[in-house]
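Residues or ranges marked as active site, proton donor by TrEMBL: H193. What TrEMBL records for H193, N194, A195, V196, H197, D234, D343, Q394 is AMP binding site. Under the heading Zn(2+) 1 binding site, TrEMBL lists H197, H233, D234, D343. What TrEMBL lists as Zn(2+) 2 binding site is D234. Annotated compositional bias 'Acidic residues' per TrEMBL: 456-469, in sequence order. If you look up TrEMBL, you'll see 181-440 marked as domain 'PDEase'. Annotation comment: TrEMBL describes 437-469 as region 'Disordered'.
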Amino acid sequence: MPVLERYFHSAELGRRWTAPEGELPAPLGSRPGCQQGPLPWDLPEMIRMVKLVWKSKSELQATKQRGILENEDALHSIPGDVRLRGQTGVPAERRGSYPFIDFRLLNNTTHSGEIGTKKKVKRLLSFQRYFHASRLLRGIIPQAPLHLLDEDYLGQARHMLSKVGMWDFDIFLFDRLTNVMVQEDYHSQNPYHNAVHAADVTQAMHCYLKEPKLASFLTPLDIMLGLLAAAAHDVDHPGVNQPFLIKTNHHLANLYQNMSVLENHHWRSTIGMLRESRLLAHLPKEMTQDIEQQLGSLILATDINRQNEFLTRLKAHLHNKDLRLEDVHDRHFMLQIALKCADICNPCRIWEMSKQWSERVCEEFYRQGDLEQKFELEISPLCNQQKDSIPSIQIGFMTYIVEPLFREWAHFTGHSALSESMLSHLAHNKAQWKSLLPKQHRTSGDGSPDHKGPGTEDEEQTVTEGDAP
């Protein structure tokens, strides 16, 4: 893969694996003994590299011919979870194994024979995407590095991409200008958990990886893991949360035993895509398996139900001043924290963007609530449009989830300019939502929401059990 190796040469990422015979290789991600310098590549290069390899149909066809994938018909005949076979390590869900929510299953009058086992998800490409990706769609790999946008495309989007490291980067405007999705396995019918959210989280992660307290310790592998995990952390999201999958006996809930159901699915789907694309095929098998495990550790950390676990650990590290970012384990932990921050950073954006994200996630919640009501299921917390207003949802989310995490992140960064800016936006946005609360839901004099009375613990539990607003 000459194009891939221009960005990640096997000698660069695999050099720690050339240990003398009889010796175990050094831990993956251990910091090489080299001089500090600027990061060898940035987010636009990462996007171009991943897009080139991930979208190449010729690569996928070659993979099938080598027998990595089983027969397509045999794969489609398997109901529920679809896996890649013939590889050791992490079981991977095959690309396209969309966790389809067949709402006919919720209707007690439906006969089981009416429901087929073959589920096919159409992939609709816009005209713009068709013209600008036509070379890849025909299986032609360009000899020169592929740019995210063709050279003849209008320059506005390319100009925006040059400013991707700025916190006020407008991901909505970028999406309107380009109509380029992160990749096909995000579903545009989701108001919130779609490719624009993935791009937003990736852009935020890019900003966090540039924080001086962290950037000087990162290896190229750390950066690749962080950006890949951000781009893929919600891949194939069905637009409903874990409690919905559990109460409807979805096959993913059974497969993952009701524990981090969606996060496990996102991880295994990502592994499936990596294997199909052979993005890491030039690396040693042991290193590839370790990368897959580290991606899983990062993506699983985004489970909102594990918020207190990570927050408590971060507070302890900062209180004891025992974080050693030269150590691969401490560095990986801070990558987990950075990804968690990126995943829930919407309240820390400028008001105009933050408000759009809030409306999108609540629309997704309300859609789930409408489905639950339609099929006579208990409506999940935060999903009742008649009782749960957008301002009340957002104030609770900011108070119990976002503020505690971002205060500790600011502590870690030494109150960097970006951290202070995010906290300022957060305070402003919270005040804006409070001003939009219905009169009977106004806050009390001490600043705490009074519409819940003394049950603040119940409110925190409710916010934690739902997806991140």
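Using the three backbone atoms N, Cα and C, a Cβ is placed for every residue, glycine included.
Of all Cβ atoms in the shown protein chains, 21 besides its own fall within 10 Å of the Cβ of D343 (AMP binding site).
In the structure as shown, the Cβ atom of Q394 (AMP binding site) sits within 10 Å of 28 other Cβ atoms. For N194 (AMP binding site), applying a Cβ distance below 8 Å and a minimum sequence separation of six or more within one chain yields Y186, H187, S188, H237. Cα-Cα distance from H197 (AMP binding site) to H233 (Zn(2+) 1 binding site): 10 Å (rounded to the nearest whole number).
Around the Cβ of A195 (AMP binding site), a 10 Å sphere holds 21 further Cβ atoms from the protein chains shown. The Zn(2+) 1 site, placed at the center of the C-beta atoms of H197, H233, D234, D343, has further neighbours from the same chain whose C-beta lies within 8 angstroms: H193, A198, V201, A230, H237, T302. In sequence order, A198, V201, E263, H266, L298, I299, T302, L339, D343 are the residues of the chain that are 6 or more apart from H233 (Zn(2+) 1 binding site) and have a CB within less than 8 Å of its CB. A gap of 17 Å separates the Cα atoms of Q394 (AMP binding site) and the residue listed as 'active site, proton donor'.
Within 10 Å of the C-beta atom of H197 (AMP binding site) sit 23 other C-beta atoms, taking all shown protein chains into account.
There are 23 other CB atoms within 10 A of the CB of V196 (AMP binding site), with all protein chains counted.
Comparing D234 (AMP binding site) with the residue listed as 'active site, proton donor', their Cα atoms are 7 Å apart once rounded.
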